[in-house]
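Please read the structure below before turning to the comments.
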Amino acid sequence: MTKELRSKLFTILKIAFALTLFTIVAITLYKELSHINLKDAIKSFSKINRFWLVALFLSGGASIIVLSIYDVILAKTLKLKIGLAKTIRIGYIVNALNAVVGFGGFIGASVRFLFYKNTTDDKKALFHTISIVLISMLTGLSLLSILVVIHVFDISHIFTPYPWVKWLMYVVALFLPIFVVFTIIKPVQKTHRLLGVYCTIVSGVEWFVAALVLYMSMAIVGVQIPFATFMGIFILAALSGLISFIPGGFGTFDLVVLLGLKALNVNEEAIVLGLSLYRFAYYLFPVLIALILSTFEFRSTAKRYWEDSRILVPVKDMTSLLGSYQKDIIARIPSFAIALLLLFTSLVFFLNNLTIIYDGLYDPNHYIYYIIVSIHTCACLLLLLNVIGVYKLSKRAILFSIISVLFIFIATAYTYASFILLSWLTVIFILLLVFYRRARVIKRPFRYSKLLLSVITGAIILYINHLVIKSTFYSLEIYHIEMLTSILRYYFWITILLVAIIVGVIVWWFEYRYRSSNSRDNIATCESIIDKYNGNYLSHLMYSGDKKFFINDNKDAFVMYRYHNNTYIILGDPIGNSESFYSLLEAFYKEAEYLGYDIIFYQVTDKYMSLYHSFGNQFFKLGEEAVINLTSFTTSGKKKRGLRATLNKLDDLGYSFEVLEPPFSQQMITDLKAISDDWLADKNEMHFSVGSFDEHYISQAPIGVLKDNEQSVIAFCTLMPTYYNGVISVDLIRWKQDIELPLMDSLYLNMLLWSKDNNYEHFNMGMATLSNVGQIPYSFYGERIAGRVFEHFNGLYRFQGLRRYKEKFNPKWEPRFLVYRKHQSLWVSMLKVMRVIRKNN
């Protein structure tokens with residue numbers, strides 16, 4: 001059998017053993033706990049002296065400091081480059097988490113190695129020393145087991161029915177001398193032969209302190225047994241929990257304590273209550289303290305871990321994937337810790353609804369409790385729903401949490417002014433204020449899927465909350481009082497109303513406070529960039545007056561955009577120095593992420609697809625744009641006789657074409673406005689991706705006009721310079737509707753001929769929407785739907801007609817795309833773009 005196979009087999013057997021043991025323990029515990037009277041347990045808890053309860057929790061929190069001695073010994077032995085205070089803090093965090101998710105101490109050993117490997121060059125010695133610390137968890141119990149064997153601690157009442165327990169104690173007791181002798185003969189470091197002895201002493205003290213916390217919790221609930229007997233039961237229970245490999249010994253430890261004390265005729269309700277207090281005081285409370293310490297301890301650790309490490313310098317040079325992920329994980333520890341604290345707080349205070357409602361049942365003024373319990377539930381729900389937002393360091397989510405904690409504090413102070421709960425809320429409030437200043441983003445981007453998930457989650461939580469309250473009151477036999485006083489009749493609806501009001505106010509305030517800047521209309525800078533680096537097909541639309549401009553720090557590149565509904569919608573590709581496009585978009589995306597906005601690109605070319613892809617985008621083909629090569633364009637030949645016929649017909653009528661240069665006379669503006677209004681009729685102007693009839697906009701470029709035989713303007717088109725590779729385009733094409741002549745054809749033909757005569761090389765006729773989109777069965781689903789629209793909805797919008805019309809000029813078709821974030825809906829993105837095109841606000 002190979003070494004690898006043996007390792008796999010051992011792992012499988014270990015997991016099978018743990019699962020089997022856990023199943024047996026769970027079944028046995030269920031049978032034992034089924035006899036517990038919940039009502040009696042709650043009454044017993046209500047009688048506990050609050051001073052002693054606070055003292056118990058403080059003792060549990062302080063007891064973990066003993067475990068930090070392991071880390072101090074580790075640091076001194078290996079001469080780690082780390083201060084004493086920091087060693088104690090990290091030791092506290094590691095040991096508190098290890099107590100809950102230890103798996104026999106292996107998790108704690110792994111975390112220790114991760115934290116300390118950057119402080120020493122000798123990783124092998126670090127690994128072996130941590131192994132000594134791991135094994136010493138058992139040697140401490142072995143030391144205490146010797147005291148059981150020599151009858152200092154008495155568990156004879158267990159030895160009698162279970163004689164094998166006695167032999168187990170002998171075996172465990174023998175482990176200590178073997179371990180001590182081995183570590184002295186083969187030490188990790190020859191200068192520290194007594195390392196195993198030191199760790200064993202610390203382990204023994206650790207287990208003894210844990211026993212004192214459990215003994216104190218039992219004494220608080222009225223369990224009075226000789227300390228020597230109690231210690232014997234505790235040692236056996238701790239040994240069972242350690243061997244089980246179940247995190248924290250949950251279930252196994254508790255079952256042995258329950259059976260051991262029950263054999264001494266101790267009340268079951270008191271045992272369960274004492275064990276619960278012990279679990280909260282010795283396990284949960286230190287974890288909460290560790291999470292609080294984590295929010296401060298690892299704030300700058302990631303940066304130092306990455307930048308100051310001699311070991312990681314070559315890793316950085318190789319851009320190590322593993323190293324970068326380690327950096328990210330460490331940097332995320334503080335936000336993850338505060339998120340867990342908020343999750344715990346919300347769940348605990350949801351249970352506090354029971355206390356508030358219970359008080360209200362016996363209060364003559366029930367209506368006050370309608371409001372209090374609704375506010376309390378609303379705050380707990382908002383706190384829970386914003387856990388992920390706080391983890392993402394969203395300022396808005398943190399503000400939601402701050403307000404929620406304030407509401408919970410007020411409700412708790414008014415109804416059940418527990419010193420412990422109010423102190424805890426104060427700590428959470430202070431932490432949230434600290435994180436509010438550290439917030440990385442204003443808010444997260446809005447998604448309808450997130451909204452739906454929040455609504456469903458909120459509804460499920462409220463329903464579970466109702467079931468817990470209902471089942472608890474039935475168990476306490478007081479539900480009939482609730483039915484008579486109807487304290488919960490309007491509870492749900494008041495909660496929903498309060499959630500809606502709070503969410504609405506905060507969302508409105510953030511939208512008002514952090515609305516996109518209105519000062520980005522520096523056209524002069526954009527003009528200078530275009531003069532130096534050229535523009536693109538859409539750059540002339542910067543004069544339309546409905547766009548803002550994001551210009552990079554070097555002032556050599558910019559994008560045109562509109563803000564709409566938490567989204568920056570960018571028109572076309574970036575403009576300017578192509579070498580600056582990446583840094584330009586990086587800065588723009590950082591701003592959008594900070595403000596919680598999405599980014600959509602509309603009508604981009606395929607030239608910069610790799611650039612857009614690098615920012616996590618996906619693409620949808622909008623259609624194709626017709627570009628005519630003017631060097632080969634002609635109206636001669638048999639195939640072009642239709643074009644010649646159009647020109648000849650208007651020439652015979654005495655019509656003429658002329659290109660006018662700005663500035664234009666007021667009379668000309670008035671005449672053009674009349675034609676534009678007639679052409680629009682009852683339709684509205686479109687915006688953003690096309691120009692509109694605005695005196696300032698049309699005065700920025702020449703205008704081609706078609707005049708009748710009386711020299712009156714009957715049609716016009718606005719030129720659209722691109723400042724790009726000899727390309728010109730037209731924007732507005734409008735004519736009098738009462739003249740039944742091919743005026744649009746005439747305008748296009750005359751513009752093509754004029755452009756060719758003026759040495760332009762290409763003429764852009766604009767986009768045929770949805771043209772050549774989704775025409776093969778392997779296209780994306782959304783594109784295939786768009787293709788069907790192109791084929792079958794010609795009566796609704798002339799998709800096919802536009803392409804057929806432009807085809808007669810024999811253009812080259814260039815694709816245009818919509819670019820949007822990977823997790824954003826295509827249809828929502830399209831609707832946002834349509835909105836800014838249809839509305840000028």
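Every residue, even glycine, has its Cβ placed from backbone N, Cα and C.
Topologically, per Swiss-Prot, LYS79 is found on the same side of the membrane as ILE292.
From the options 230-250, 713-733, the stretch Swiss-Prot describes as transmembrane segment is 230-250. Most Cβ pairs under 8 Å to the transmembrane segment (53-73), among the stretches 165-185, 337-357, 368-388, 416-436, 490-510, belong to 416-436. The stretch from 337-357, 368-388, 449-469 that makes the most Cβ contacts under 8 Å with the transmembrane segment (490-510) is 368-388. If you look at the transmembrane segment (165-185), the same-chain residues 6 or more away from its ends with a CB under 8 A from one of its CBs are 132, 135-136, 138-139, 141-143, 145-146, 148-149, 155, 158-159, 193-197, 200, 236, 239. Residue counts for the topological domain 'Cytoplasmic' (74-89) under DSSP, helix first, then strand, then coil, are 11 helix, 0 strand, 5 coil.
It is 337-357 that, among the stretches 194-216, 337-357, 449-469, forms the most Cβ pairs under 8 Å with the transmembrane segment (393-413). Highlighted: of the candidate stretches 194-216, 368-388, 416-436, 449-469, 368-388 has the greatest count of Cβ pairs under 8 Å to the transmembrane segment (337-357). Secondary structure of the topological domain 'Cytoplasmic' (389-392), assigned with DSSP and counted as helix (H, G, I), strand (E, B) and coil, comes to 3 helix, 0 strand, 1 coil.
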